[in-house]
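J.: Okay, here's the structure, questions in a sec.
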Ligand code: 13P
């Protein structure tokens with residue numbers, strides 16, 4: 001049985017004051033043990049969020065890491081081992097905003113995934129197609145290629161220490177979530193791709209859905225057989241909404 005995970009990606013949002021308020025709201029949530037919960041603040045707020053959530057059910061992750069796992073001359077970058085030292089447990093790799101706006105290639109994403117593992121973090125590999133690719137009928141090919149590139153880099157056995165998040169680019173921040181059926185189709189394809197290399201890794205892999213998840217849509221999405229939780233953007237900036245989404249995954 002896979003334990004659902006709900007993670008909040010705060011992106012480049014928040015001030016010291018608003019983040020402190022959000023942390024306080026998260027501390028008040030009654031969260032079921034059936035679901036794992038994490039938030040990913042911006043690097044500058046990591047230390048405060050980690051301290052504020054210590055002792056709570058909510059763990060801390062980061063939104064990115066360097067391809068260099070340890071110390072290196074990489075001005076402006078943050079390594080997985082530095083994040084682990086900050087008590088981070090999770091890190092997003094390959095978010096579509098980094099792929100499209102910051103030019104991260106599949107090769108760079110694969111390098112970051114490997115570095116995250118080396119640094120002791122759990123990588124959350126983000127994959128997803130653009131609207132153009134969906135309309136051209138290329139969704140499964142695009143997502144399959146994104147996953148395959150990382151499989152080639154680290155081998156399927158290392159996916160036992162990772163999570164995958166399917167986030168259709170057109171659904172992110174648009175208010176237009178994929179339907180539960182659309183998401184399920186892609187999740188099942190990702191699991192089948194893993195199963196062709198390892199049944200046990202495929203069976204245990206948590207595949208999260210992300211893209212305009214709201215309290216009102218969460219239960220239907222999380223009710224699908226291959227959707228094991230969510231990666232939440234906008235709605236994770238409100239503790240009550242985030243809590244409602246976590247509850248939808250935990251029962
Ligand atoms: P939204 O929930 O705001 O659509 O963002 C999803 C996302 O990109 C999470 O990583």
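A Cβ is built for glycine as well, from the same backbone N, Cα and C atoms used for every other residue.
Bear in mind that the values here come from a model prediction, so they are computed numbers and not experimental data.
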J.: The substrate site in TrEMBL includes 9, 10, 11, 173, 233, 234. Which of 32, 196, 212 is also listed there?
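T.: My reading of TrEMBL gives 212 as the candidate in that site.
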J.: Among the binding-site residues 9, 212, which residue has its Cβ surrounded by the fewest other Cβ atoms within 10 Å?
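T.: Sparsest of the binding-site residues 9, 212 by Cβ contacts within 10 Å: 212.
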J.: In Å, how large is the greatest distance between any two Cα atoms among 9, 10, 11, 173, 212, 233, 234, the listed binders of substrate?
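T.: Of all Cα pairs among the recorded substrate binders, the widest measures 14 Å.
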J.: Give the subset of the binding-site residues 10, 11, 173, 212, 233, 234 lying near ligand 1, defined as CB under 6 A from any of its atoms.
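T.: Close enough to ligand 1 are 173, 212, 233, 234.
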J.: If you count the C-beta atoms lying within 10 Å of each candidate's C-beta, which of the recorded positions 167, 173 ends up with the smallest number?
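T.: Comparing Cβ neighbour counts within 10 Å for the recorded positions 167, 173 gives 173.
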J.: Quick one: which residues besides 9, 10, 11, 173, 212, 233, 234 have a Cβ within 8 Å of the substrate site's Cβ centroid, in sequence order?
T.: 13, 172, 232, 235, 236, 237
